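Residues or ranges marked as coiled coil by TrEMBL: 317-344. Annotation source TrEMBL lists compositional bias 'Basic and acidic residues' at 1-16, 93-177. As annotated by TrEMBL, domain 'PWI' applies to 354-447. Residues or ranges marked as region 'Disordered' in TrEMBL: 1-25, 38-62, 93-316.
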Amino acid sequence: MLREREEEEEAKERKKQDRRARVKEAAYQERLRDWEARERRKAKEHEKEKERERLKEEDREREAKRLKEFLEDYDDERDDAKYYKGRELQRRLAEREKEIEQDGRDRQREKEELEELKTKIFSEEHDDPSAEFERMKQEREEQYKPKILIDVKLEHSRQRERERERERERERERQNKEEEEELERQAAEFEQQAAAMISSPPPPEPTESTQESDDDRGADQFTSPVATHDHPLGAEEESQTSVVSSGGEEKAVIKIWNSPVQQQQQQQPSTPGPTTAAPPPGKQKKKLDLKEVFNTDDDDDSNLGSGKKRKLVPLDYGEEKKKKEEKKEEVTKSQEEKRKHIKTLIEKIPTEKAALFAFQLDWAAVDNQLMERRIRPWINKKIIEYIGEPEPTLVDFICSKVLAGSAPQGILDDVQMVLDEEAEVFVVKMWRLLIYEIEAKKLGLMK
């Protein structure tokens, strides 16, 4: 029984403790919610107060800026009639009288306060009451000293920052446009190079008049020493003339193919005269003198009475034209692939400053040739644009930093003193150019 009673008392005590703990927890949670609500309310009030102060400060700055511009642009002859005559003059005079009265009251109050301060200091125990009074007076003047509503330097810095941001935006647009123009210019150069490679004209085809004159002059000498063909061949078959060198001697071997024109000439009655006998089969390749081969004496036609005239057919340049067209297509295709590679390479280069400066460069590809041909002329041109005159020392310094593999941020810090707000734009553009030239050199895209 005693044990059961003790257990019941312990259970009651535990219940009481649990109830007290729950009450305390509930009270704590209630106070916590109240405190959090108060903090949120105070934070909102603080934000509203800060917003009101900011708006008030902006209004004061706008008013001060308006007055500054008004006074800077004010012209006495032009604006006096508007602001200081007639009704405006009367209104301003009344305001001036009120201002004079207010200034008088302020001066009187200031004098009274100074007298009170002096009396207080001299009534107290000080080693040097006069010096103490002057010190307190100086502190008072500093306290009531007018403060500048607009910090000109701060305003100028903000304005420069806004202009710099706009300049960066314009520079990005200009840079994109320059990249497109550069791509188009390179494409045009590639096309010009391709056109120059294929622009050499083919050998001129013999004209009809030249062919006829050749027939009139010496076609009678081109008589085949071998047996002639009885069947006509196509007019497109070529007449072949070859000179065979053997044992240091030149042997003219002339092969003449018949044509329909020759068949017509065979049907016409030939003028009787002495004819040359056909050489034996074993002597078809007769050693001839070049003068005999290209004999231009028209009177010797009688010696070749049995010969058959051959009208020269122009050489067929179709195969050569086909090869040149294929070559042109290959060059055009190669230039198109090169333009695609260049466009892809330009798109891979970052435009943001952080990503651009973090780009890993292959410094082994940066040499004096690349610097002198591609980087230095661009740097010199940009320095002239920014400063207005050449600066060889600055150009040499920047080129030496690039050749030394310096970080872009370090170069930016170095040129910041000279180029001011244009320094960042300059270094970003130079770094993009450097990345492009290195990658183009590695891919073999450089000219």
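Please read every residue number as a count from 1 along the shown chain.
Each Cβ is built from the backbone N, Cα and C atoms, and glycine gets one as well.
Just so you know, TrEMBL annotations are computer predictions that nobody has curated.
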Secondary structure content, the domain 'PWI' (354-447) (per DSSP, counts of residues): 73 helix, 0 strand, 21 coil
Could you tell me how many residues in the region 'Disordered' (1-25) are helical, how many are strand and how many are coil under DSSP? 24 helix, 0 strand, 1 coil
Residue counts for the compositional bias 'Basic and acidic residues' (93-177) under DSSP, helix then strand then coil, are 72 helix, 0 strand, 13 coil
